[in-house]
Amino acid sequence: MLLFAQYSQEKYHTILFLLFSILLLFCYTIYISFKVSKSIIRDKFYFFLASLFFWMIAKACRLVVTENSLIWLVIIIQYIGYFGFQYSLFIFSLNFYGGEEMARKAQWVAAILPILGLIIVLTNPIHHMFFISLDIDHEKRGMFYYFSSVIHHVYIIASIFILICAMHIRIFCRRNKKIQIILHITAAISVFFMFLFWLQTVGILPKLSFLKIDGLVLKICLAFFLIILPTLGFQFLDINPVSYQVLYQKFPRGIAFMNKKGVINTPNELFVQMFPVMKDGICNISYFVDSLLEIEPKEKEQLKVFLLSELSDEYLLSYKDSKLVVKKYRSKSNRYLIYVEDITDTVDTMLELEKNNKYLAIMNQNLKESIKAKKDLVSTSAKAAVAQNVHDILGHSLTVALCTTELAVRDGCREDAIEKLAMLEELLSESVQDLKNSIQGNEFDFQQTSLIKAIKNLSKLKMQLEITTQGRPYELNSAQNEAVIRICQEAVTNAIKHGDAKTVHLILRYYQKFLEIYIIDDGKGCNQVKVGYGLSGMEGRVKKLGGSFEFGSDGEKGFHIHLEIPIIRADK
């Protein structure tokens with residue numbers, strides 16, 4: 001009778017604890033529904049709470065239900081919550097650890113054993129190997145029950161281990177050793193008691209007085225302490241902290257924290273890659289600086305002074321063929337954020353740009369010098385062209401003027417002298433206009449210029465000019481016209497001036513692709529031809545047009561000039 005009363009009292013206390021836990025769980029669910037934003041972690045946590053809720057309600061109902069028709073229904077609901085708790089806790093821990101949703105295939109693989117256990121429970125009326133007897137007071141369990149119990153506790157212990165690891169890598173946990181110690185001790189004690197309770201359940205250990213408590217109570221306490229209560233303080237269910245943690249670890253710059261004692265901690269992945277000494281997650285500033293073997297002692301001391309100074313500043317560090325800029329920011333909690341950025345590519349790019357700028361500056365200077373040289377060359381060429389034209393115009397015009405003056409003086413007839421002087425005035429006026437055009441760079445109209453008239457006047461005055469053409473004459477372009485007229489002009493002038501010629505033969509042969517010209521006079525011959533400004537000017541004009549130029553004398557009588565000019569037809 002006393003044992004029955006004691007058993008009833010234990011059942012009563014268990015029911016009260018379950019009802020209190022259900023109420024607390026319900027209130028907590030409402031609270032997080034308003035406080036926590038929608039996320040994968042929150043959805044998995046809801047699944048965990050729902051499984052725990054079903055399990056507790058079914059467990060409480062089983063302690064009070066006495067009708068056999070309802071007992072089996074309550075047991076099914078209880079084990080739906082039982083295996084759901086096992087599966088949801090495991091999935092929640094994996095999602096929380098990874099910060100993202102597991103692959104669907106992995107979730108189905110994790111669900112195989114819980115689903116198999118539920119199938120065994122549902123088929124118990126057929127094989128009676130899970131529950132041999134359903135009487136709550138004299139409950140007998142079969143082989144499948146113990147097998148499912150082992151799987152169930154393996155899932156829970158694995159979930160606790162994953163959660164502890166996930167909490168350990170969080171920023172708030174890594175910098176607070178007290179939290180780490182409490183989590184580790186709680187997990188160890190919980191796992192130890194769960195193991196003792198399981199040994200007592202399977203009959204390996206006798207029923208000890210301090211273990212006379214329902215296993216569900218222990219698991220509920222564990223769930224509240226390790227999962228539910230920490231969510232209030234650290235907002236585990238909010239996806240933002242998880243996202244921030246992922247961003248912190250994957251940030252493309254090295255980041256770490258340093259406390260007031262000069263201890264560097266909580267480095268992200270890139271910081272550890274840059275400085276392998278931080279692989280343990282914490283390091284004293286002196287040991288950190290001394291580990292940088294590639295740095296000179298003087299620079300190590302400068303880096304240490306920079307890191308330990310209270311000012312927020314930046315430092316340029318040359319390390320392992322890399323250029324790193326180290327920045328330090330002071331937070332409100334008097335901790336420092338150390339920010340390291342690899343600027344090697346930027347520095348290399350700047351050096352390359354500087355090199356290219358120097359090269360471009362040299363090229364620019366060379367280009368300026370080349371332009372200046374070309375300007376000088378063009379200016380010289382222009383001056384030479386003007387000088388050549390002045391020489392040709394003045395030489396020819398003055399020669400004609402002298403001849404005309406001589407004839408006018410010799411001529412006894414006053415009217416003929418006046419006519420020759422009028423011709424001379426016209427010639428000199430046109431020559432002055434030609435000189436103006438040449439100096440100003442204007443093009444000559446060789447149908448109106450004084451050159452043709454001057455040649456004709458020469459033929460009338462002191463010499464005879466015989467012009468012979470072969471082939472079909474065609475118009476030349478302006479440059480070719482100028483060259484031909486100037487050459488003929490200079491040849492006639494030289495024949496009068498130097499050869500005292502009486503007759504000049506001008507032969508023009510028109511070919512399809514070139515023009516051939518012979519200029520032959522009957523003046524004085526010479527053994528050695530002295531090349532003066534006139535001959536060199538004629539040759540320069542022909543060479544400029546891409547032609548050939550020859551001249552000579554037999555030494556006894558006469559002088560001849562032969563030239564060929566490639567033709568670019570004016571009508572094309």
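Just so it is clear, glycine is given a Cβ too, placed from its N, Cα and C backbone atoms.
Summarising the annotation, TrEMBL assigns domain 'Histidine kinase/HSP90-like ATPase' to 479-569.
Positions annotated as transmembrane segment by TrEMBL: 12-34 (among others).
The transmembrane segment feature in TrEMBL is assigned to 46-65 (among others).
Per TrEMBL, transmembrane segment is recorded for 71-96 (among others).
If you look at the transmembrane segment (108-132), the same-chain residues 6 or more away from its ends with a CB under 8 A from one of its CBs are 72, 75-76, 79-80, 83-84, 86-87, 90-91, 94, 102, 139-145, 148, 151-152, 155. Taken from TrEMBL, the feature transmembrane segment covers 108-132 (among others).
According to TrEMBL, the feature transmembrane segment maps to 144-169 (among others).
Residues or ranges marked as transmembrane segment in TrEMBL: 181-204 (among others).
Positions annotated as transmembrane segment by TrEMBL: 216-237 (among others).
Here the transmembrane segment (71-96) has long-range neighbours at 40-41, 44-45, 47-48, 50-59, 61-62, 65, 102, 106-107, 110-111, 114-115, 117-118, 121-122, 125, 131, 134, 136, 151-152, 155-156, 158-160, 162-163, 166, 219, 223, 227, 236, 242, meaning same-chain residues at least 6 beyond its ends whose C-beta is under 8 angstroms from one of its own.
DSSP labels the residues of the domain 'Histidine kinase/HSP90-like ATPase' (479-569) in these numbers: 31 helix, 34 strand, 26 coil. Mean per-residue pLDDT, taken over the domain 'Histidine kinase/HSP90-like ATPase' (479-569), amounts to 85.
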